[in-house]
Amino acid sequence: YYFFCRKSRLTKTGRRSLSHSISHSSTDSNSSGGSDAENPEDEVSPRDMQQINSKGNMDFCIKNIKLADFGRREIELAEDEMTALMALRKAAQGEKPLAAAKIVGCTHVTAQTAVLFETLKVLGAQCRWAACNIYSTQDEVAAALAEQDFPVFAWKGESEDDFWWCIDRCVNVEGWEPNMILDDGGDMTHWIYKKYPHLFKKVKGIVEESITGIHRLHQLSKAGKLCVPAINVNDSVTKQKFDNLYCCRESILDSLKKTTDIMFGGKQVAICGYGEVGKGCSAALKAMGSVVYVTEIDPICALQACMDGFRLAKLGDVVRHVDMVITCTGNKNVVVREHMDLMKNGCVVCNMGRSNTEIDVNSLQTPELVWQHVRAQVDHIIWPDGKRIVLLAEGRVLNLSSSTVPIYVLSITATTQALALIELFNAPEGRYKQDVYLLPKKLDEYVASLHLQTFDAHLTELTDEQAKYMGLSKYGPFKPSYYRKTSKW
């Protein structure tokens, strides 16, 4: 911050493989709709192909380098909406706040995140990247990055083995060792701890975006195994509000329409969890005329749901008659086989939470159930009596696999990640211990101020007298470090 202030088929359970990662985040989704990738060409793994970009570089592994021009156009479109990141590039000018930074990353690989990757390069960093889940990658964007000599190892439809292989290719490089980690779900951090723990001697810090990854970092910290400082950007105020509440409020409807063509008016919906994601989904469906039930474990969030006009219930009490069940918790086994056995014919089941563990999809892979693949991200699970439920995105994150996420929302998250990397990399020794920190409130407010420019908005400035009365600096931060205008997941 201070730097920038200065300047259809039927099968039994042996159907097409469900590649479930042993990690929480690796099988979440972040690609927009798209085809179902069942062409014969797609059966050839990128690992078995030798590709070279126009500059003769081979340090990448993607689906098809020939898609680079298309991907570049998508990245340029994203740049127009991601004004804050472009402002960071401009502010860098000759100075490079990430000079000498070697960042290894495991996030979604999309046009929007590509703007972040290329911004990090402009700021002076060397980077190597893998996708944080098996369906997240936009192959044309990966091709555009590879064409610009960006070492990226990712393609849509990776197997579990491919997933870990790609991460390893980012880390296991002769003559190159990372000193920063940017993670979304904790898989890169997990892999380095498991396979290359000696690398942490040079790592200055970890920046983690997801609730799942933060949970894993806190587990390491409590066990005394977290050997570098980490910044939790998931719980920054701007990220929580925009990426979780406002984004999901818009994208849940689009995702359900694209996958099911369902009408929302009069439908009964059970939403599991009333954190920011649950709030956004509940508000959107209520506005469309749906009858919304909310399940919650937290009495504070439960009270909020009641005050917002929703019916608080246990899933087991309403699951027999609802038309849709949407998980928004980030937990595991929220919807289990017992629930699905009770669901009525045609019930739609999907996940909007961070992890793919919320719906117990493995329990549906039994001989008596038949899977009917209907279209991309849509499967019918058919019981022996003919009842079927509609499972979307195989239990992975629905809006990230079946729809698009507003670029503006991703701009906020990406800017937060970039500033957190700069903060950790340039922090004087001793400022951060081996623990998990929230993003400094000053940086959080700076992210918000950069995005206000989009609205031609003008902030009011405190007078000297007002600032003294409030005990604040005229220039912020305006909230204490512990402030979080958010709710739990």
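Here the Cβ of each residue, glycine as well, is placed from N, Cα and C on the backbone.
Record features, source TrEMBL:
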- 15-48: region 'Disordered' (REGION)
- 19-36: compositional bias 'Low complexity' (COMPBIAS)
- Thr110, Asp184, Glu209, Lys239, Asp243: substrate binding site (BINDING)
- 244-405: domain 'S-adenosyl-L-homocysteine hydrolase NAD binding' (DOMAIN)
- Gly275, Glu276, Val277, Gly278, Lys279, Gly280, Glu296, Asn399: NAD(+) binding site (BINDING)
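Structure coloured by features recorded in TrEMBL.
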residue: Glu209; record: substrate binding site; Cβ contacts under 8 Å, 6 or more apart: Thr107, Leu182, Asp183, Asp184, Gly185, Val233, Asn234, Lys239, Thr413, Gln417
residue: Asp243; record: substrate binding site; Cβ contacts under 8 Å, 6 or more apart: Val409, Leu410, Ile412, Thr413
residue: Glu296; record: NAD(+) binding site; Cβ contacts under 8 Å, 6 or more apart: Gly273, Tyr274, Ala302, Ala305, Leu312
residue: Asn399; record: NAD(+) binding site; Cβ contacts under 8 Å, 6 or more apart: Cys247, Cys248, Ser251, Ile252, Asp254, Ser255, Met352, Val405
All-chain count of other Cβ atoms within 10 Å of Gly280 (NAD(+) binding site): 24
Farthest-apart CA atoms of Thr110, Asp184, Glu209, Lys239, Asp243, residues recorded for substrate, distance in Å: 18
Thr110 (substrate binding site) and Gly275 (NAD(+) binding site), distance between Cα atoms, whole Å: 26
Cβ neighbours of Thr110 (substrate binding site) where a neighbour is any other Cβ within 10 Å: 27
Integer Cα-Cα distance in angstrom, Thr110 (substrate binding site) to Val277 (NAD(+) binding site): 21
Stretch-averaged pLDDT - the domain 'S-adenosyl-L-homocysteine hydrolase NAD binding' (244-405): 94
Largest CA-to-CA spread of NAD(+) binders Gly275, Glu276, Val277, Gly278, Lys279, Gly280, Glu296, Asn399, angstrom: 22
All-chain count of other Cβ atoms within 10 Å of Gly275 (NAD(+) binding site): 23
